[in-house]
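Peer 1: The structure is given below, and queries will be raised subsequently.
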Amino acid sequence: MNVNAICTALAQLREQAPLVVNITNYVVMNNSANALLAIGASPIMAHSREEMTEMMAFAGALVINIGTLDRTWIERMTFAVEQANAAGKPVVLDPVGCGATSLRAHTARQLAALAKHLTIRGNASEIIALAGQASQGKGVDSQDPSETALEAAKQLVEQYQAQVVISGATDYIVSNDGTFVLNNGHPMMTQVTGTGCSLSAITGAFAAIGETSGLAAAAVMGVAGEIAAEQAKGPGSLQVALLDALYNLDENTLTQRLKLSQLA
Ligand SMILES: Nc1ncnc2c1ncn2[C@@H]1O[C@H](COP(=O)(O)OP(=O)(O)OP(=O)(O)O)[C@@H](O)[C@H]1O
Ligand SMILES: Cc1ncsc1CCO
Ligand SMILES: [Mg+2]
């Protein structure tokens, strides 16, 4: 996949405006819904077991984010993944704070094992912890450079037959097709909660239109993030500017700014 394929995927996303069902955390529900709208997709935050079978029949994709987990949510998430599988819909898993507690690690592994058409998107500490290795995450924040999660990501690709996106200063998109490397974004993005969760939500939107979702999503998020950082005075205005940048992102800007390569 090259920059032209990413631009085509973005045009298709905006034309089709896929419905993305999110079971996400209380912190980022608003950020994630707005990020999906800004890029051109259609979000719905839905949790109820009673509507999930119907929902997955007409949804484009399911995004599961374990950020504010408890027993009730685990049961709903499990059922939602089963319904996505039954309807043949792709699933994106965001293993938020995976290294922080065994509840998160255990739940993320169970959901990953269950999902049939899976993309995992996490920061380096989360990907390392999900693979069962020792990570240095602090709660939901990564303390590990993204390249240190590459071996873990490759393990997860094999183990779950998944595509894995490691976000960070450099983003890595790891799958059976090889490893793509993206060097966009801005460090200030880590000072706004939920930029990673928004990336996972947008990954769901690209998965819904059937493209190499993790790469296209990381590309638009990275480029929009660096444009937003140029305009922002700090994290508060960055959050707003990021939505504007996602909304206004065009092919020329994406092509000119994208720093994409592939690992040998
Ligand atoms: N140091 C950095 N330089 C440039 N871009 C960055 C940097 N750190 C993160 N990003 C970008 O910020 C976005 C979110 O990635 P991050 O790894 O911070 O997610 P996260 O830790 O899961 O965030 P959250 O849990 O708050 O949603 C990605 O698009 C990533 O490329
Ligand atoms: C801060 C925080 N706590 C649980 S989820 C979340 C949002 C970022 O992942
Ligand atoms: Mg996160």
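Cβ coordinates come from backbone N, Cα and C, glycine included.
Where the annotation comes from TrEMBL, it is an automatic prediction and has not been curated.
What TrEMBL records for Met45, Gly194 is substrate binding site. Sequence annotations record features per position, and here TrEMBL assigns ATP binding site to Arg121, Ser167.
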Peer 1: Does any of Met45, Arg121, Gly194 have a Cβ within less than 6 Å of an atom of ligand 1? These are the binding-site residues; tell me which, or none.
Peer 2: Gly194
Peer 1: Going by DSSP, give the three-state secondary structure for Gly194 (substrate binding site).
Peer 2: coil
Peer 1: What does DSSP say about Ser167 (ATP binding site): helix, strand or coil?
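Peer 2: Its secondary structure by DSSP: strand.
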Peer 1: Anything from the binding-site residues Met45, Arg121, Ser167, Gly194 with its Cβ under 6 A from ligand 2? List those in sequence order.
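Peer 2: With ligand 2 as the reference and 6 Å as the Cβ limit, the list reads Gly194.
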Peer 1: Sorted by position, what residues of the same chain at least six away from Arg121 (ATP binding site) have a C-beta under 8 A from it?
Peer 2: Val92, Leu93, Asp94, Val164, Val165, Ser167, Gly196, Leu199, Ser200, Thr203, Gly214, Ala217
Peer 1: Cβ-Cβ under 8 Å from Met45 (substrate binding site), same chain, 6 or more residues apart: which ones?
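Peer 2: Same-chain residues close to Met45 (substrate binding site) (Cβ under 8 Å, separated by 6 or more) are Asn22, Ile23, Thr24, Met29, Ser32, Ala33.
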